[in-house]
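Quick notes on the structure that follows.
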Amino acid sequence: MLFPTEFDVIVVGGGHAGTEAALASARMGAKTLLLTHNIETLGQMSCNPSIGGIGKGHLVKEVDALGGAMAAATDESGIQFRILNSSKGPAVRATRAQADRILYKAAIRHRLENQPNLWLFQQAVDDLMVEGDRVVGAVTQIGIRFRARAVVLTAGTFLDGKIHVGLNNYTGGRAGDPAAVSLSARLKELKLPQGRLKTGTPPRIDGRSIDFSKLDEQPGDLDPIPVFSFLGRAEQHPQQLPCWVTHTNERTHDIIRGGLDRSPMYTGVIEGVGPRYCPSIEDKIHRFASKESHQIFLEPEGLTTNEFYPNGISTSLPFDVQLELVHSMRGLENAHILRPGYAIEYDYFDPRALKASLETKAINGLFFAGQINGTTGYEEAAAQGLLAGLNAGRYVQEKDAWCPRRDQAYLGVLVDDLVTRGVAEPYRMFTSRAEYRLSLREDNADMRLTEIGRELGLVDDARWDAFSRKRDAVSRETERLKSTWVTPKTLPPKEATALLGKAIDHEYSLAELLRRPGISYDGVCSLKGGECAPAEPLADDPVLLEQIKEQVEIGIKYQGYIERQASEIERNDANENTRLPDGIDYREVRGLSFEVSQKLNEFRPETIGQASRISGVTPAAISLLMVHLKRRGLGRRNGAAAEATEQGDGTVPTQQ
């Protein structure tokens, strides 16, 4: 058998973006090759050992709803699960899990090795094969030429990566891995707009040298234990472990200030911009000089290691300063550092040069996903990877690209922000970035996306069957609550007072009672001695049962707000999705200022909605664009009719 070198899709990179891209492309039926410099690091958690969080957990749930791997792998490797913002409204509740690094990698690799249509090969990529304006393949470090109609590039921090510890620096993609210098140089030859960003990681600590008696324990949620995947079960989780909390102090801060003269960030050695929402400890001390203390979370890296990740002290200070600052904190006085913290600078490419499909505008068939687009975080990378892999598969199948709208998914918000606004610093997802977050909750990610995923070919039969049962049960139970009534005669005053605070004075549906503050689904079902409960169990599986009850309760309690948001979405929909012609020259649009026409010509938005979110493009400019499109459409129709009349056939071609 000859060694295969012809594929439909090539994915370069085996991190969180690359693995989801390869799996999505292969699920689409495309013959897919995943190229990685080291098969042992597939799915590696390069920085913190956690998945999810505010906004990020929403992305993980959406990836799961579309058949992706991250949530399921976390359920198999998570050693602590928590629901953040559990006391707040459902829009901002988010799941977060600590993961065992080794188990997580194993779960991802198992899925890759057992995915039909997917080949793995260990080789770094040094070059892309480009013919004219389209990519046709990739060339590896030892000169193997793989051909494909689409290439998804997910290079993470490896593109011309430079690692900094104090004033010492060296090339690297992350600690222990080489940088992709040749590939970075090749991309620069393609004249794609690029820049430099920076991220960092803290020193790792040997747990045997930590005095836990001086620390505050932070356990996970135990009743119930959360799961990430809609198909997940708490029984899949390995042993659960606590995290621990310590704090910086004035001595810590003095040590850090004393080392700033050897900090690559504060001596101008690092030029790349770092993440605003995950700053280094030296940045925190500088920016929040009046703050006396910062909370530091000591997170276990896994069940088979003593290594701990001190979340909150990412740093590129010299190692002697790192050692001193760690020892200044309570419980860490004798801590042994296993690995030094460091910062890494790397190339990224302006995401405004991408289509919403994550295909580059300049080179057909070339897709970017993950940190190469200026984002930070495993979850943002995984979401982009799935979308890029899906659209690479659709590209080779000559199908239209797909991207969710802003009102449809956090993934839609993420991509729209990237391709219309670009990034000045590493982009992190928050719930505050979404205008319609009440409709984009974690709990309904499957309701929003799984049917679409099924149509796209991403969702398998097992997921579809489970989703269909849940969807139908939610619908039936919602209708039952709306059509089941209690009256002052049928609901004893004592029972009504116990649940509602007073007896009822007229007829109510169970749905109306559930809308009252402080009333739960279980409470309503307990009325009349349990007669208000459904006649048959909503589901046999306890996890699915809780999901159904949650969906029903939120849907009824927030019905008015959700309907109001849906009306707002409908009003905005017409302009949002109006497409702009590919070849339009905005200098010819009557009334547009020079600045606006210049920005529109530079960024080439695909829709009116995207154009409206470009900085400096005013509502008045959007109105002028709409007028121009109407005039242009009328002119094309008139021109086509006149041409048809001259030809004597009396037909008018349909305008696309």
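Residue numbering: from 1, along the chain as shown.
Each residue, glycine too, has its Cβ placed from N, Cα and C.
Model, not experiment: these values are computed from the prediction.
Annotation comment: Swiss-Prot describes GLY13, GLY14, GLY15, HIS16, ALA17, GLY18 as FAD binding site, evidence class sequence analysis. Swiss-Prot lists 274-288 with the feature NAD(+) binding site, giving sequence analysis as the kind of evidence. The region 'Disordered' annotation in Swiss-Prot covers 637-656.
Positions of Swiss-Prot features highlighted on the structure.
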{"residue": "GLY13", "record": "FAD binding site", "DSSP (3 states)": "coil"}
{"residue": "GLY18", "record": "FAD binding site", "DSSP (3 states)": "helix"}
{"residue": "GLY274", "record": "NAD(+) binding site", "DSSP (3 states)": "coil"}
{"residue": "GLU282", "record": "NAD(+) binding site", "DSSP (3 states)": "helix"}
{"residue": "PHE288", "record": "NAD(+) binding site", "DSSP (3 states)": "coil"}
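Summary of the FAD site environment: with the site residues GLY13, GLY14, GLY15, HIS16, ALA17, GLY18 set aside, the chain residues having Cβ atoms within 8 Å of the Cβ mean position are VAL11, THR19, GLU20, ALA21, THR36, GLY43, THR154, GLY156, ALA369, GLY370, ALA381, GLY385. Its Cβ placed at the centre, CYS278 (NAD(+) binding site) has 19 other Cβ atoms within 10 Å. Note on GLU282 (NAD(+) binding site): other Cβ atoms within 10 Å of its Cβ, all shown chains, come to 26.
Residue density at GLY14 (FAD binding site): 28 other Cβ atoms are found within 10 A of its Cβ, drawing on all protein chains shown.
In this structure the C-alpha atoms belonging to ARG276 (NAD(+) binding site) and GLY15 (FAD binding site) are separated by 23 Å. Take the Cα of LYS284 (NAD(+) binding site) and measure to each of the binding-site residues GLY13, GLY14, GLY15, GLY18: the nearest one is GLY15. The two recorded residues HIS16 (FAD binding site) and GLU282 (NAD(+) binding site) have their Cα atoms spaced 28 Å from each other. When the binding-site residues GLY13, GLY274 are scored by other C-beta atoms within 10 Å, GLY13 scores highest. GLY15 (FAD binding site) counts 30 other C-beta atoms within 10 Å of its own C-beta, drawing on all protein chains shown. Considering only the binding-site residues GLY13, GLY14, ALA17, GLY18, the residue whose Cα is spatially closest to the Cα of PHE288 (NAD(+) binding site) is ALA17.
In the structure shown, across all protein chains, HIS16 is the one of the binding-site residues HIS16, HIS286 with the greatest number of other Cβ atoms within 10 Å.
Ranking the binding-site residues ALA17, GLY18, LYS284 by other CB atoms within 10 A of the CB puts LYS284 at the bottom.
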